[in-house]
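Enquirer: Have a look at the structure that comes next, please.
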Amino acid sequence: MKYIFVTGGVVSSLGKGVASASLGALLRARGYKVTAVKIDPYINIDAGTMRPYEHGECFVTASGAETDLDIGNYERFLDLDIPAGSNITTGQVYQEVIRKERAGDYLSQTVQVIPHVTDEIKRRIRAAGESAGAEIVLIEVGGTVGDIESLPFLEAIRQFRFDEGDDNVLYLHLTLVPYLGTSNEFKTKPTQHSVAALRSYGISPDIVMVRSKDKLPAEITRKIAAFTSVRENRVFSSYDVEHVYQVPLALEEQGLGKAVEELLGLEGTHPRLGVWTDAVRTIKHPKQQVTIAIAGKYTAMPDAYLSLMESLTHAGIANDARVNIKWVNAEQLAEAGAGELEGQFADVDGILVPGGFGIRGIEGKVKAAEYARTHGVPYLGICLGMQIAVIEYARHVAGIEDANSAEFDEYAKNKVIDLMPEQLEVAGMGGTMRLGDWPMELRAGTKIAELYGVPQGGTVKERHRHRYEVNPAYVEQLEAAGLTISGVTPGVEGRGAGLVETVEIADHPFFVALQAHPEFKSRPMRPSPPFAGFVKAALEHQQQ
């Protein structure tokens with residue numbers, strides 16, 4: 001296997017994930033088997049218990065791992081399911097080292113950062129590549145060079161070149177070149193200092209990639225090359241573009257794929273990037289556009305809904321449309337009257353209620369679902385958004401006026417949403433939900449079955465992340481009131497026909513909700529069926 005390590009300097013949030021994923025896309029387009037690893041130096045075991053406002057969304061893999069959002073970027077850009085073990089944290093590493101010490105695996109040894117912690121880091125990186133059957137492993141080291149948390153990881157990746165040989169290891173360093181408008185110039189000093197800091201840890205970058213507002217002039221590229229001792233044709237400009245899916249094409253135009261092949265001793269191949277070119281063309285020059293309202297509580301931090309936004313983009317590509325997002329703060333909707341609701345939703349073509357946890361903003365989300373139902377506006381509910389749809393329908397159609405969820409009121413009389421029985425004895429928070437791929441058996445003749453291309457009914461898999469479910473005791477009453485239970489996970493103890501996975505309203509233009517998170521499986525060239533159908537319905541609604 002060959003290894004490409006991506007580090008960052010100057011400031012955080014430069015876009016190492018997008019840069020790494022874009023390079024992976026270029027290598028995949030050349031026919032190489034590629035996988036990706038994200039290293040997060042925090043002490044948490046995973047991203048499952050972090051605040052979305054601080055860390056962005058928690059991306060769930062097929063195996064049920066709760067990971068950093070960059071794993072989602074890798075899956076979308078590489079069009080692959082990233083295997084378990086590909087998000088490495090300090091917490092995981094130290095937990096395993098301490099477990100081994102207690103088990104006697106290091107008997108008679110003094111357990112230290114070097115070699116025990118660094119060896120565990122290297123073992124995990126190699127294992128991730130082997131489990132994916134990869135020829136090339138991309139490893140993004142989170143944080144910024146100089147962070148104290150990153151030191152063991154930098155030492156471990158330094159050792160890789162000694163262990164694996166020069167032709168099998170490549171170091172790419174991403175930095176920032178700010179532009180000062182007052183003096184009308186790009187400033188390279190931060191990049192020079194960042195590369196010097198990286199070298200102080202024994203790592204000399206083979207490639208320097210520079211984030212900047214605009215493409216760097218040739219003289220700035222030459223200056224960076226001279227001061228960092230990196231060849232000029234190995235200094236690349238990662239400048240701002242209209243959409244992230246332009247990044248692979250922009251980097252390929254500069255020769256990044258070819259440079260990587262040369263440095264790793266790979267035979268030069270011609271990339272097949274036609275699908276990327278077509279997708280970018282549609283994104284930049286769509287034939288039509290729609291506006292979708294997302295009624296959530298993390299609207300001030302769009303990264304909390306990153307996969308949702310990308311799924312809407314993918315659905316837009318499939319429908320040759322630009323999808324404009326209108327963020328609606330669900331907390332503010334809670335006290336809104338009819339006039340205010342009309343003001344929020346009159347100009348939108350669809351309403352989406354995303355997943356989430358906790359009571360904050362819930363009544364506002366219920367009002368959003370009610371507006372969509374009563375005004376014939378296309379509605380897509382995701383995870384909590386499905387539970388909201390059920391609560392709203394129970395209250396206003398099925399006559400269960402005090403319907404609620406046990407999550408919001410554990411003493412509610414009519415808990416149409418309840419804690420799953422399997423969760424009753426669960427004590428811990430981390431990694432204990434119903435996670436990862438689960439089968440959904442779709443009923444023949446339903447909208448959801450049509451969307452997934454199985455109109456006669458069939459089983460599909462989607463990813464999940466939840467503790468609560470539709471209470472099976474209310475299914476018969478809800479169905480009698482006209483709510484269609486269109487998909488279930490069969491064979492779940494105590495659930496009768498099955499655990500409710502999807503609901504819809506038959507006489508509504510498009511009212512579909514899923515317990516699953518289909519956004520986690522959506523790809524630029526393979527959009528999620530519910531999202532593609534939702535955007536199509538929004539376009540049709542727009543024409544009315």
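Cβ atoms are placed via backbone N, Cα and C, with glycine included.
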Enquirer: Going by the ATP site in Swiss-Prot, where Ser13, Leu14, Gly15, Lys16, Gly17, Val18 are listed, which of the candidates Asp46, Asp68, Asp70, Asp79 is also part of it?
Expert: Asp70
Enquirer: The L-glutamine site in Swiss-Prot includes Tyr53, Leu384, Gly385, Met386, Gln387, Glu407, Arg467. Which of Gly24, Gly356, Gly436, Gly494 is also listed there?
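Expert: Of the residues offered, the record points to Gly356.
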Enquirer: Using a 10 Å radius around each Cβ and all protein chains in view, which of these binding-site residues has the most neighbours: Lys16, Lys187, Lys223, Arg467?
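Expert: When each Cβ's neighbours within 10 Å are tallied, Lys16 leads.
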Enquirer: Under a three-state reading of DSSP, tell me whether Tyr53 (L-glutamine binding site) is helix, strand or coil.
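Expert: Note: Tyr53 (L-glutamine binding site) is helical by DSSP.
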Enquirer: Rounded to a whole angstrom, what is the C-alpha distance between Gly17 (ATP binding site) and Lys223 (UTP binding site)?
Expert: 26
Enquirer: Who sits close to Gln192 (UTP binding site): which same-chain residues at least 6 apart have their Cβ under 8 Å from its Cβ?
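Expert: Counting only residues 6 or more apart in sequence, the Cβ neighbours of Gln192 (UTP binding site) under 8 Å are Ile224, Phe227, Thr228.
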Enquirer: So, three-state DSSP: helix, strand or coil for Lys187 (UTP binding site)?
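Expert: Once the DSSP labels are grouped into three classes, Lys187 (UTP binding site) ends up as coil.
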